[in-house]
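Comments concern the structure below.
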Amino acid sequence: MVAVRVLAAMSGGVDSAVAAARAVAAGHDVTGVHLALARNPQTYRTGARGCCTLEDSRDARRAADVIGIPFYVWDMAERFQADVVDDFVAEYAAGRTPNPCLRCNEKIKFAAVLDRAVALGFDAVVTGHHARLGADGLLRRSVDLAKDQSYVLGVLTREQLGRSMFPLGDSTKTQVRAEATGRGLTVADKPDSHDICFVADGDTRGFLAERLGATPGDVVDSSTGAVVGRHTGAYAYTVGQRRGLHLDRPAPDGRPRYVLSITPKTNTVTVGPAEALAVSQVRAQRPVWTGGPRPADPIECEVQLRAHGDVVPATVAVTGDGLRAELHRPVRGVAAGQAIVAYRPDPGGDVVLGSATIAA
């Protein structure tokens, strides 16, 4: 591998620290950077859950010191607010369910950060994502399928992938932690973050309520058309949700009810039985295709419809600014705003073909 000048995005976690260390071991000229993203005061409390905390910044700096690389903090809060946080709120207000980690990769880590890195003379950005990027430029699943993050990287363009490095793709999380211990990194046993970084303590409903206010409306049963409850904000619900519906009466058939759809125009949440969640066709928009030339005809592949979701065989057609997937078996709980990522099965790791944002 040719040694290049790389910027290591260091979140303060074990993955990004080991990724930076591996880049140094590979002979690259590495500089570490921690992104200051969230300006929610609650994220700066000692012991606050999530990421973007003061502890994370300190952990990233300590890791850089142990590795022996220069370290800086870049303030990306304004860009992050506009492209990720405001987008998150607007999507929920529109009745969709966004994936902010995916949007952050698309707009911040591999756009704003990469653009600044290139302007400063860096050749690539290295991150601790669990995914593989081969010499052929194709993005593949990690060997550790339980930690695979290729889904949230599926939005990246060929140009962005061409300036990215993912050194952890051939390792399991257990191996990464063991290596961190061997390197003397204090984050070796630091727990993974599973929260949305800008939502303090994982309270998404409270976060949205502060910004969108109370907007009471009806909860309607799809089977009868009857109003079976009231809500204080349709933004608090997502397709497939069962808990927290607070219905006024049992369903006529006695079966559990799930959120089937959210209609912002009428401020209505529609609920129904589980089987009504099943869909066999998915429409999506703004496709990004990286696994070779964009197909002129429908192709057979596999698709993933949410992070850590099941993989489903499908026939996918890409036309203009749209993508259509005919699922070979019905899937429940497909939510607008999430990504559909297409994969080609491969013995060397399933290849990401492309992605798009689910519209319906």
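Glycine is treated like the rest: Cβ placed from N, Cα and C.
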Among Leu35, Leu139, Leu145 - the residue Swiss-Prot places in the same ATP site as Ala9, Met10, Ser11, Gly12, Gly13, Val14, Asp15, Ser16, Gly128: Leu35
Spatially closest candidate among Cys104, His129, Cys197, Gln338, the listed recorded positions, to Asp15 (ATP binding site) (Cα to Cα): His129
Spatially closest candidate among Ala9, Cys104, His129, the listed recorded positions, to Gln338 (site 'Interaction with tRNA') (Cα to Cα): Cys104
Cα distance (Å, whole number) from Cys104 (disulfide bond) to Leu35 (ATP binding site): 11
Those recorded positions of Cys104, His129, Cys197 having Cα within 10 angstroms of Gly13 (ATP binding site): none
Cys104 (disulfide bond): tally of other CB atoms within 10 A of its CB: 26
Set of same-chain residues at least 6 away whose C-beta sits under 8 angstroms from His129 (site 'Interaction with tRNA'): Asp15, Gln149, Val152, Leu153, Phe166, Leu168, Gly169
Gln338 (site 'Interaction with tRNA'): tally of other CB atoms within 10 A of its CB: 25
